[in-house]
Amino acid sequence: MASGILVNVKEEVTCPICLELLTEPLSLPCGHSLCQACITANHKESMLYKEEERSCPVCRISYQPENIQPNRHVANIVEKLREVKLSPEEGQKVDHCARHGEKLLLFCQEDSKVICWLCERSQEHRGHHTFLMEEVAQEYHVKLQTALEMLRQKQQEAEKLEADIREEKASWKIQIDYDKTNVSADFEQLREILDWEESNELQNLEKEEEDILKSLTKSETEMVQQTQYMRELISDLEHRLQGSMMELLQGVDGIIKRVENMTLKKPKTFHKNQRRVFRAPDLKGMLDMFRELTDVRRYWVDVTLAPNNISHAVIAEDKRQVSYRNPQIMYQSPGSLFGSLTNFSYCTGVPGSQSITSGKLTNFNYCTGVLGSQSITSGKHYWEVDVSKKSAWILGVCAGFQPDATYNIEQNENYQPKYGYWVIGLQEGDKYSVFQDGSSHTPFAPFIVPLSVIICPDRVGVFVDYEACTVSFFNITNHGFLIYKFSQCSFSKPVFPYLNPRKCTVPMTLCSPSS
């Protein structure tokens, strides 16, 4: 009787983790007690799997570490229990049949029970296979050991599955949090784009309203004047018809001719079906462009300009700005960039070309370009150029020339990729073009292709991917819209940033990465 009670007490003070009597027991808020070492190991396991909350290994109720308390009462019970030993009589009762009082010496295979010889002869066990305990103990010890090892293996698998699901849970949470952040950022960008598009569209409508109403007001004034003139003429005729014969005939031919030659002037009208139709912006495309710009901006480098000996180009002290200066003695230049197709000569020092070469562009000046001081020989590089308020410029990259104080760029300019120039340009305020290789008939004259640029850029971004052999130009003013991209560039030499303010005195400025 007493032994049964002691067994029950022992079960109550046994650690559910190590299955031994509690050592330095600690109580959780849920009521379960564990060894101090076991609960410490449980904490480390929770940290290993990045669990946000710790939970009881028995009931899985979460708890905070500061709520754990030492259980002095249970510790005292364990100490007393370790001192208690079963008396010989009580130990003897454990080995005797509770029903017959005989020694428990046999094992019933069918019922898997330890029995006495009287139990073997009872109706309950008649016909069953029974063995002496000594005969089967070793066999079942091996089976139990095998089962224990199998169970421990399954426990490891179960713990791994538990850890895997916790890891997957944490991974999903991280992924969803990341997606939520991206969604919020994307919609914020879309809102900015929509606000910009709305403001731009409203400005266009206000401009249209101003132009149309101004024209209609002018027409209205003209119609009022025309009506007033008609009234005065009608009044004159009525007065003549009602007056004397002399008044009737005085200057009658002149007034009749005025009436006969009179033509009603019709007001200028605007057809509503000819108005510009508003179209909602392609938000996905704009967002994709914005993402591409965000990606290339990660490679922003701080570019400064190299010194030069060109009298036409003035570089500021901070080496970020270049502007055109009209010298007293102008260079005898061939003229503007996109003139009519007539013969001209310009200087070029590109290998393989002559010092004076004839082409079919007119009035184009090559002698105001400057290079960046940093060479590009590998990797990805990005920079931005402020071209606001300029009516003409050329920018991009130039290959093969080391810039220094003695470098004369005007002797080395021929804007074709085969000669190491990957550039785009602007002239006359709104005409954008890209410079391509000239034809076989005009190998030293670049082939100039017009570009469609809806919104004129105040800033142009230039991105060079040396390994991919590409040069890209972005319209920063229009959400990073791709203006043009050179592919399969032959970067056999180092390349340098290139800026040409042309004959426009407004400066070009290299923007700092922090701008």
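Positions of Cβ are set from backbone N, Cα and C atoms, glycine also.
Quantities reported herein were computed from a predicted structural model and do not represent experimental measurements.
Per Swiss-Prot, N-acetylalanine is recorded for ALA2. Feature annotation from Swiss-Prot assigns zinc finger to 15-60, 92-133; the stated evidence is sequence analysis. Feature annotation from Swiss-Prot assigns phosphoserine to SER87. According to Swiss-Prot, the feature Zn(2+) binding site maps to CYS97, HIS100, CYS119, HIS125, an assignment based on sequence analysis. Per Swiss-Prot, the feature coiled coil maps to 137-225; the stated evidence is sequence analysis. Among the features that Swiss-Prot reports, region 'Required for interaction with GABARAP and for autophagy' is placed at 187-200. Annotation comment: Swiss-Prot describes 283-515 as domain 'B30.2/SPRY'.
Shown are the binding-site residues CYS97, CYS119; of these, the residue with the fewest other Cβ atoms within 10 Å is CYS97. In sequence order, CYS116, LEU118, CYS119 constitute the residues six or more apart from HIS100 (Zn(2+) binding site) in its chain with CB-CB distances below 8 Å. Note: HIS125 (Zn(2+) binding site) has non-local neighbours CYS108, GLU110, ASP111, ILE115, CYS119, i.e. same-chain residues 6+ apart with C-beta under 8 A of its own C-beta. Surrounding the centroid of the Cβ atoms of CYS97, HIS100, CYS119, HIS125, where the record places Zn(2+), the chain contributes additional residues within 8 Å, namely ARG99, GLU102, ILE115, CYS116, TRP117, LEU118, GLU120, SER122.
Look at CYS119 (Zn(2+) binding site): DSSP puts it in a helix.
HIS100 (Zn(2+) binding site) falls within neither a helix nor a strand when secondary structure is assigned with DSSP, and so counts as coil.
For the region 'Required for interaction with GABARAP and for autophagy' (187-200), the DSSP-based tally of helix, strand and coil residues reads 14 helix, 0 strand, 0 coil. Break the zinc finger (92-133) down by DSSP state and the numbers are 9 helix, 11 strand, 22 coil.
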